[in-house]
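Engineer: Below are the features listed in TrEMBL for this protein:
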type: SIGNAL; residues: 1-25; note: signal peptide
type: DOMAIN; residues: 40-160; note: domain 'Cadherin'
type: DOMAIN; residues: 161-268; note: domain 'Cadherin'
type: DOMAIN; residues: 275-377; note: domain 'Cadherin'
type: DOMAIN; residues: 378-484; note: domain 'Cadherin'
type: DOMAIN; residues: 485-590; note: domain 'Cadherin'
type: DOMAIN; residues: 609-690; note: domain 'Cadherin'
type: DOMAIN; residues: 742-849; note: domain 'Cadherin'
type: DOMAIN; residues: 850-953; note: domain 'Cadherin'
type: DOMAIN; residues: 954-1059; note: domain 'Cadherin'
type: DOMAIN; residues: 1060-1113; note: domain 'Cadherin'
Amino acid sequence: MRVKGAPPFLPWVVAIWIAWTVAAAAVQDVAPAEPAFIFTQATYNGSILENTFGKKYIHTNHRMGIQLEGRFSALDIEYSITDGDKKNIFKAEAVTVEDFCFLRIRTRTDGFGRLNRELDPMFYLKVKATGVSPALKTVQETFADVIIQVKDENEFSPLFSTQKTTVSIPEDTPLHTSIAQVQASDADIGRNGDIYYSFKQATLVFAIHPTTGIVTLSRPVPYDRRHEFKLNVLARDRGTTPSARSSSLSQSELTIHILPVNYHAPSIRVHNHQTLVEHGNLDSVFAVLTITDPDHDDNGKIGGVDVINDERKVFRLAPQNTHGMFNILVTKPVDRETMPADYNITVIASDKGAPPKTATVTIPIRVQDVNDNEPVFEHSVYNVNISEIVLPRTPVVFVRAHDLDLGSNGEVRYSIVDGNERDLFSIDSESGLIKTAAHLDSELARQVTLVVQAQDQATSGSRKTGQSRVIVNIEDYNDNTPLFTMESDTVMVRENLPKGSRVTRVSARDDDGGDNGKLSYSIVNYNSVPFDINAFTGEITTKTILDYETMRRKYELHIRVADWGSPFRRERDMVLTVMIEDLNDNSPEFEKIRCSGYLSRESPHRMDVLTLTALDFDSGNTITYSITDGNGDDCFSIVPSTGKVTVNCDMSGYRDGTRTLTVVASDGQHVSIPVTVRLTLVNNKRNQNLADDNVRIRCDRTDVMKRFQAQTLASHEANIKMEGVTVASGSSKVNSAPVVDKGFSTYAEVSENVKIGTEVLDFGRYVSDSDTGFNGQLTYVISSDDDPEGAFKLDSFTGKLLVFSELDNEKKSVYSMTLTASDLGEAPLSVSKKVKIVIKDENDNVPIFEKALYELEVREDADVNSVLLKVRATDLDIGNNARIRYSILSDDRDFNIDPDAGTITVRRKLDRETHTDQELVIQAEDSGSPTRLSSTAVVHITITDTNDNAPVFLPDLYTVRVREDLPVGAVITTLTAHDLDEGANGRVVYSFAEGLPQNFEIDSLTGSVRIRRLLDYEITQVHNLTGRAVDAGQPALSATCTLVIEVMDVDENVYGPEFPDFLERASVAENSPIGSYVMRVKAQDMDDPAFGAGQITYSLQGGSGLGRFTMDSIAIPKTLSHNKIMHGECPSWFHKDEEGSDRCRRRGIKNLHVSDEAREQ
């Protein structure tokens, strides 16, 4: 085996090199030595046990000395130590045997105590050899280095760094955790300094590593069983204890305190949990808390309790006199309406553990309502517009109020308390639907302000009310016909007024508002009258110049006034008589003009000369005629009324030959164009132009007569054809009642999910009225129904039945109502139909489970198809919408569910070890269309254990190698078996299958294997054991494993064999036969032969006799015999190196000198 503590390779090389250099230098300094006079080696190695005293030689595996050959054979050699032995411990001796001078180094007899390995582990000696030749009188010198290793003797016991060690560990420290380490030191080296640790007292709770001193936990240490462990730890070195030392052990005390673990958080129990009365309970006890903790010491003491999450600071905590009891007190009033519905407080309690553990409990706050809130309308003012022609029972608006109180305190009833003096409106007390209760008239009231009151249903005397205003703007409808407001229907107008002259202004009024009250005027017979009218002002003007003489003298204007209303205009007609007032607007016109002729001078007095007539186009004018010129002597006169001109004087005396008269006609205002009458005076008897008359005159005729006649004719025709204008009154129209088409269906279905405003049916499409105008204009209303909450509304103008509020089949599925259509005639007529509306169920309700979470336990050996649980969900819908099918959404490999019944059964063999807990997500889905609705619930299944798993060793083969000198109690391995079961079924007890082995023991709880007795490699090298693990189930299951423990041999050979003498001499006769006895040698070994280390074997290692002698290697004592015939040619002596070695290969060397007896003799 390798010697521990040997010096490193480099120092040896350096030492050899230094020794060789010094030796060579020394030889050169003294004298040139013959090359043959040298040591057999430049450096020798040897060893000696420390504390050796007296005459003890170093041990070396090689012969030390000088070979004496040739001329050096006669030298006297002496050895001396020249360097390296400052303490003068060693002495060099020379022993010459035949041709070899041995170098032997021993301790001096006075060196006791000076050979101490701990102080001087190595000696580097310089040995000088001096050879003196008496014959030649020469001196030879040479040097060699001898390196001596001082071997350790186990003289020291281990020493602990501290005699007492204290550690503290929590009681829940995991098994096999390192909890402490003890340390000892030993001044020796090698095995003498190697330390083994062990416990003085046998224990299964702790284990200590034999070489590191690390203490581990090998069994649980519950605090409630034991608080402290005191262990005595032994430290023993591995060396052999010398006889001078009583023991190689030392001892230290290890104290292990078990600390209680804060396993449990405090437990909080809530008692006397009260419901708060709104605005009350000041300083009253809301709840009582009991807080406990089952832990030990500080871990079980309550460190602090507090109320958290009390954002409104309503509560405070007050301890009672009883330990662990606390009161939660109300510190201020609470308002249920402002406090969140899910308002909770959290009580947190912590213990005094390190670290502390806390527990919390959430306490819901429930406040008992008092009627402290008035109903509040969604709007303080509602503005609604409604036409005045809607029929009674027409829906107007929903008013809604909310009361924050609960129950009857928050239940609201509605009423109209003001503004409904004429009972125009009604309100449903529950729904808040306002309807018309009578016919409306915008002309009487364009706006009605209703004061609506909402009153809660609290106990009488404590009810509260809220109010809102509903402003109903009654929209004007064109229900009024315009009325003319003129005082007279006849007007006079003068002729000859310029075009566009104002004649008169017609006026009318309309009580409607807006466009319905705006009026437009027109002349219906516009094309037959010479008048125009301003459509907006009603002003009538001439559209041409009027002429009394040629045009009609009376006109009847068909005046129509119409409003701008819709859908129809209302009109009223009248006849306006316009009389043309004649004016003197024409001058008389003569029928004859430019008259000339002859007049006899003898014409008698009063003779008619001519008559000039004039016509006046004006009616009723009187024409007068007069001579305005040429009659200065009044010889002529004219009749004013007829225009007859006569001679008024005697003209015979006139000398002038001509007279020119100017005649005019006048109507009293206008004068005609003058007519000149040129008369040539002649003598009647002498002028042939007169013939037989006294006067002869010619005039030019005008067309005035023709024109007058044409005017007279036109005037006659214009006035003679004048027809009267007939105006029909409105009341004269016949109003027929509306009718409903036979194709109208009185049955309709509507989905409950339709939006408000959805059309249900079109009643107006099937109602017709043959009348025109307002007699044919219809309005619609639901005249009777069983719908006080206003689910439907019949549009007043289109007749479409619309959804007016949300429908719900689950609340009401059928509605009956009467639809009425009424015209707008002055005497309205109506028609009605009863209809039935069925609310179709829609899949608008999700199936609801009875529970959101189901919990149950099932044994893992439950039979397949066994029933575990039945879940149930309900759906408020009907038909397919309410037909529910169940399914498992999560992993369903282990369980089935009946899709119709909801029964959950075991699908296959269960295995708790695979799934301890399973959460099944169960879906309940209806069969609705087009969309199916579903909800889920969770079924938490805990699978309880049965003993269906045997323990399993991992691995099933354990192989451990241990030194044979490990101390008793050392843990060499831990067998571990796993049992997938839980509780007692998974709790494993360990043992050896064949009973308890002599050398080992196993911890039944942890499987730790300890050395029970000292091991011995020489007796048993391998131990094959069978470990067994048995669970505590019923029936119990077990498993085994193989544990192979290989014992490692430890070098117990402390001492090598020693021969009593350095040199043995013997002789043998020449020619002795082969196998002859030569001599007997014997070596001694201080090791105990019982362990094999002290058993010695012998062998020949070298020398001149090698090959000629043999040695028995076993027998004691040993014999040496020659194996070849000795004869005279052989050398007379032989040198042999004999080796004795023990079984651990430690060697002892002995020199044998064998001589030939014959030669010696």
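Using N, Cα and C of the backbone, Cβ positions are placed for all residues, glycine too.
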Engineer: Looking at 161-268, 275-377, 485-590, 609-690, 954-1059, which one has the highest count of Cβ pairs under 8 angstroms to the domain 'Cadherin' (742-849)?
Structural biologist: 485-590
Engineer: Any chance you could find the range in 161-268, 609-690, 850-953, 954-1059 with the most Cβ pairs under 8 Å to the domain 'Cadherin' (275-377)?
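Structural biologist: Per the Cβ under 8 Å count, 161-268.
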Engineer: Which numbers of helix, strand and coil residues does DSSP report for the domain 'Cadherin' (954-1059)?
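Structural biologist: Tallying H, G and I as helix, E and B as strand, the rest coil: 4 helix, 47 strand, 55 coil.
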Engineer: Considering pairs 6 or more residues apart, do the domain 'Cadherin' (161-268) and the domain 'Cadherin' (850-953) have at least three CB pairs under 8 Å?
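Structural biologist: Checked: the domain 'Cadherin' (161-268) vs the domain 'Cadherin' (850-953), no contact.
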Engineer: Using DSSP, tally how many residues of the domain 'Cadherin' (275-377) sit in helix, strand and coil.
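Structural biologist: For the domain 'Cadherin' (275-377), the helix, strand and coil counts are 4 helix, 47 strand, 52 coil.
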